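Features of the protein shown, as given by Swiss-Prot:
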ACT_SITE  K194  active site
BINDING   D37, S38, E39, R96, Q97  ATP binding site
BINDING   H131  Mg(2+) 1 binding site
BINDING   D170  Mg(2+) 2 binding site
BINDING   R196, D220, D224, T225, G226, G227, T228  D-ribose 5-phosphate binding site
Amino acid sequence: MSKLMVFTGNANPELARRVVRRLGLPIGNATVGKFSDSEITVEINENVRGKDVFIIQSTCAPSNDNLMELIVMADALRRASATRVTAVIPYFGYARQDRRVRSARVPITAKVVADMISAVGINRVLTVDLHADQIQGFFDIPVDNVYATPLLLDDLQRQGHENITVVSPDVGGVVRARAFAKLLDDADLAIIDKRRPRANEAQIMHLIGDVEGKTCVLVDDMCDTGGTLCAAAKALKEHGAAKVLAYCTHPVLSGKAIENIKNSVLDELVVTDTIPLTQEALNCPQIRQLSMSDIMAEAVRRVCNEESISAMFGA
């Protein structure tokens, strides 16, 4: 741990401060800004020669600026002779562009970003709840994907809810929801089959499972515009659910997400701090945020000490 140093860009400095506080370290001294023409500029203001350096930087909105900050800072650290550079990317942007759909003339941007990260000399990536596990295969360097499930599960159990049914908001999330339900003493599982007529729009088609009188817990990796969760909450209430909660790792909350949530029948949306909340989101009474800092700090410590990450999750 004596060689460990942690730096951050402008994407999520508060999470970085929480992580270093738990590690008992100061945040690395770096200047990250822009030139007058909006190009990213980075200067490392202390000695990093021979150090094991971690950069905490989500690639959330503004995605391009935050990605370039990560890339440029990694280059600066390598040129300053850091022994190892690990990119800690709590929210990995561009992850939803992970395959070619509808047309052959589209990029696989998740692969492009993975190549950029590898090419700049980053040695390892540490991220949280990747949108698709197969993205790890896009990298030619080790990728550790840690999970927010222990944090979300602990919070749900502390709330003392009874008669819980875990709900997957779409067919693609069934594996995640089933795993969550299993950890809740094999809670009941329901599935919403939806069709998406166009990007960021969801239409409820069919509910599989009994939710009458239940506390329904929607589980997903992210909340973007909130359309899927709000439509799911409406369908669940129409089928007799007593209460509808949503637990999502990444609060993307783009577009009219806050307005959608405020106008929905969703009782509560619980998210983590992989992405900082806007003031509008902080003021929304239905949104509550938990911190991933304990899990992230332990993951950083384990990587630094060459210990198992999977052991954190009982594997």
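Even glycines carry a Cβ here, placed using N, Cα and C.
Everything Swiss-Prot records as a feature, shown here on the structure.
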residue	record	DSSP (3 states)
S38	ATP binding site	coil
R96	ATP binding site	coil
H131	Mg(2+) 1 binding site	coil
D220	D-ribose 5-phosphate binding site	strand
T225	D-ribose 5-phosphate binding site	coil
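Checked against G227 (D-ribose 5-phosphate binding site), the binding-site residues S38, E39, D170 differ in C-alpha distance, with D170 being the nearest. Considering only the binding-site residues E39, R96, Q97, the residue whose Cα is spatially closest to the Cα of D224 (D-ribose 5-phosphate binding site) is R96. Residue annotation for ATP gives D37, S38, E39, R96, Q97. The furthest Cα pair among them is separated by 30 Å. Nearest Cα neighbour of T228 (D-ribose 5-phosphate binding site) among the listed recorded positions (Q97, H131, K194): K194. Note: the CA-CA distance between G226 (D-ribose 5-phosphate binding site) and the residue listed as 'Mg(2+) 2 binding site' rounds to 13 Å. In sequence order, V106, P107, I108, T109, A110 constitute the residues six or more apart from Q97 (ATP binding site) in its chain with CB-CB distances below 8 Å. Here the Cα atom of T225 (D-ribose 5-phosphate binding site) is found 16 Å from that of K194 (active site). Nearest Cα neighbour of R96 (ATP binding site) among the listed recorded positions (H131, D170, K194, D220): H131. For D220 (D-ribose 5-phosphate binding site), the spatially nearest entry among the recorded positions E39, D170, K194 is D170, judged by CA separation. Annotation note: the residue listed as 'Mg(2+) 2 binding site' sits in a coil segment as assigned by DSSP. In the three-state DSSP reading, the residue listed as 'active site' counts as strand. The residue listed as 'Mg(2+) 2 binding site' and the residue listed as 'active site' are 6 Å apart (CA-CA, integer value). The binding-site residues considered are S38, T225, T228; of these, S38 has the fewest other C-beta atoms within 10 angstroms of its C-beta.
Neighbours of the residue listed as 'Mg(2+) 1 binding site' among the binding-site residues D37, S38, E39, D170, defined as a Cα within 10 Å of its Cα, are absent: none qualifies.
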